[in-house]
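Trainee: Take a look at this one; I'll ask things after.
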């Protein structure tokens, strides 16, 4: 059996049956869940395009690494490394799962289980679920360190950030139809498991033993089962969110918050997602990401204090940051004995460009999170550096030669120096733009610190440093929690009515 014959036997007939059932329906395409057929069709057809664009580079990388292989006589041809029929599978699976979901939504005409999730539970479902899924993406990053777990790691690192984003946006919305949701996920998944097992047994494609853990059911490896489960989770979650009548108001509400600085911040962190597939590109991606975070900080300050003051603060942070790093790398003070020899470019006077840029962007982030408390901003920066030290030394940005190492080669003096310089910069920033830091808008660039709590441990797991990853997670998490607690106290104090005699 060839790959084309597999489609003609197992995939195309099922799609045609679902298409006929859909064409003969009575009422709206998605039933009462979304009465507007035009909106429903738009979501249905948009998702295969998104799936195709997002999956294509990932799939090519898997075939390039020979995680999947296809005998030449079983496929018609290839674009890049991937057979034509595989590209068709991206689209066909999405169409089948989508039509099956729409059929279930029509049958669930009474809307059973669509009552709203209580507000407190909704926040737990959304953010707790997103945190759990991001945790799985970190597990994926860790799996990429071993050949045997490469396939599982690529699945989790590729899919879980997207699923976490979906869940953060509307996990509570899809759980209003939990029975429909899980049925729409599990039934197509089980069917594709069966057809995948047939395809593997027929030799249409093969899954490398070298890159898989070993457990499975018959010829079907565990990783293939996880793959189809997760891809159907992405499809069903995406369609249900697009069609839900409360989704558009959430998007509109979110767009009101989408200022230029926030868009640039999001882009800065999106640039880190390709790192697991392109480890050699880390220096370039890290420099671009830090540059964008610096631009985001400048845009935020300019929005509140004007472009001239923002430029002055940026010049202050970058100049002072470069000077103290140059001094430190030459004299060993105030951070300890280290060197930038052999650091990847671009360099600014012998210092990697991202370092002085960070000395503007990072203090803006931490001073916002600290609500203007300079000492706390310095503490947050020191906790942040606890993650940067093992990550950046692991990628060759600097090397330590201090005789009294405490953490990843860095001595205690390094963290005291970070606290002192960070506290000084925060104090200067709060004098230049006091209202911006004591009464920041929400959201603010402070969210970058929370994102780093996930991204830095993920990067350390990719380097094979689970201890450093755990330490970074605990230190940054504790520092962030302290800042949040103190901010809440200040907020309650500001709203407490005055007591008079």
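Glycine is no exception: its Cβ is also placed from the backbone N, Cα and C atoms.
From TrEMBL, for reference:
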TRANSMEM  6-23  transmembrane segment
DOMAIN    39-102  domain 'Lycopene cyclase'
TRANSMEM  44-64  transmembrane segment
TRANSMEM  87-105  transmembrane segment
TRANSMEM  125-144  transmembrane segment
TRANSMEM  150-169  transmembrane segment
DOMAIN    150-237  domain 'Lycopene cyclase'
TRANSMEM  181-205  transmembrane segment
TRANSMEM  225-243  transmembrane segment
TRANSMEM  255-275  transmembrane segment
TRANSMEM  281-300  transmembrane segment
TRANSMEM  344-362  transmembrane segment
TRANSMEM  412-433  transmembrane segment
TRANSMEM  469-487  transmembrane segment
Trainee: Please report, as numbers and ranges, the same-chain residues at least 6 past the borders of the transmembrane segment (150-169) whose CB is under 8 Å from any CB of it.
Mentor: 54, 58, 61-62, 65, 67, 125-127, 129-131, 133-134, 136-137, 139-144, 207-208, 211-213, 221-223, 226-227, 230-231, 233-234, 237-238, 241, 247, 250, 273, 276-277
Trainee: Are there residues at least 6 beyond the ends of the transmembrane segment (181-205) whose Cβ is under 8 Å from a Cβ of it, and what are they?
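Mentor: The answer is 1-3, 6, 10-11, 14, 68-71, 74, 93, 96-97, 100-101, 104, 174-175, 217-220, 224-225, 228-229, 232-233, 236-237, 240.
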Trainee: Mark yes when the transmembrane segment (225-243) and the transmembrane segment (6-23) have three or more Cβ pairs under 8 Å (sequence separation 6 or more) and no when they do not.
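Mentor: Taking Cβ pairs at least 6 residues apart, the transmembrane segment (225-243) and the transmembrane segment (6-23) are not in contact, as fewer than 3 fall under 8 Å.
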Trainee: Are the transmembrane segment (87-105) and the transmembrane segment (225-243) close, by which I mean at least 3 Cβ pairs under 8 Å that are 6+ residues apart in sequence?
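Mentor: Yes; at least 3 Cβ pairs under 8 Å.
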Trainee: With Cβ-Cβ distances below 8 Å as the criterion, list the same-chain residues six or more beyond the ends of the transmembrane segment (125-144) that contact it, or say none.
Mentor: 117, 150, 152-158, 160-161, 163-165, 167-172, 175, 276, 454, 457-459, 461-462, 466, 469
Trainee: When the pLDDT values for the domain 'Lycopene cyclase' (150-237) are averaged, what is the result?
Mentor: 96
